[in-house]
Amino acid sequence: MGSFLFLIVVIFLFSSSVNACDRCLHRSKAAYFSSASALSSGACAYGSMATSFFAGHIAAAIPSIYKDGAGCGACFQVRCKNPKLCSTKGTIVMITDLNKSNQTDLVLSSRAFRAMAKPIVGADKDLLKQGIVDIEYQRVPCDYGNKNMNVRVEEASKKPNYLEIKLLYQGGQTEVVSIDIAQVGSSPNWGYMTRSHGAVWVTDKVPTGAIQFRFVVTGGYDGKMIWSQSVLPSNWEAGKIYDAGVQITDIAQEGCDPCDAHIWN
């Protein structure tokens, strides 16, 4: 009986160590976009804004990272493994597109690809010549300093029956699972938005007047609601960007082995 209980405890501790992880370490390969025009046509629908995020250090990711658009805006630290050409720090990239290839987990912008190189003359150009490289990568929080998350009202929006928004500068290390929407007031009647594609959310039940949002994210293993009051004024306009008044800082736990622990150094 004692041995049986000991076995249960060992299994529990092992399972906990595997499942509870802030940052999972992944090993795969990465390529880069040879055409700069591809960076502005990513599946996340950031358009030409994509190249302005993280100084153009952006990437396309496989479906398990893209998550039908929920992974748009996620940040990853990635480094290549060639000891002659690659730095140990690597670079941080933001996900802006879907990578449908089964040869690589990530396809980086050429700027991000070169940033993985050692800071020695010619290393970045030699790295580009490799085309596809072995990498390690881990998810990290997106840090925008003191900047709040923004809400962009897309051009397809039309009062009073259709609202299409895109989330920009989304911080933290988690995903927005759902968005609720309501008119600003003492007793709001909350509706919901649907993810259309990428970072774009839509609703055909548009509240009148000023609009507030509730963003549901994962903090640890649990859901958490972030309430953003009075984001869109009553005279909101398509094509404009509005300050959400809040920022996401939560970290979602991942289930994996190994965690980054002391491996990334």
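Including glycine, each Cβ sits where the backbone N, Cα and C put it.
Per Swiss-Prot, these features apply:
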- 1-20: signal peptide (SIGNAL)
- 41-147: domain 'Expansin-like EG45' (DOMAIN)
- 42-62: transmembrane segment (TRANSMEM)
- Asn99: N-linked glycosylation site (CARBOHYD)
- Asn102: N-linked glycosylation site (CARBOHYD)
- 161-244: domain 'Expansin-like CBD' (DOMAIN)
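Across the range of the domain 'Expansin-like EG45' (41-147), the DSSP-based residue counts are 32 helix, 32 strand, 43 coil. When pLDDT is averaged over the domain 'Expansin-like CBD' (161-244), the result is 94. Each of the glycosylation sites Asn99, Asn102 was scored by the other Cβ atoms within 10 Å of its Cβ; the lowest score goes to Asn102. The helix, strand and coil residue counts that DSSP assigns across the domain 'Expansin-like CBD' (161-244) are 0 helix, 52 strand, 32 coil.
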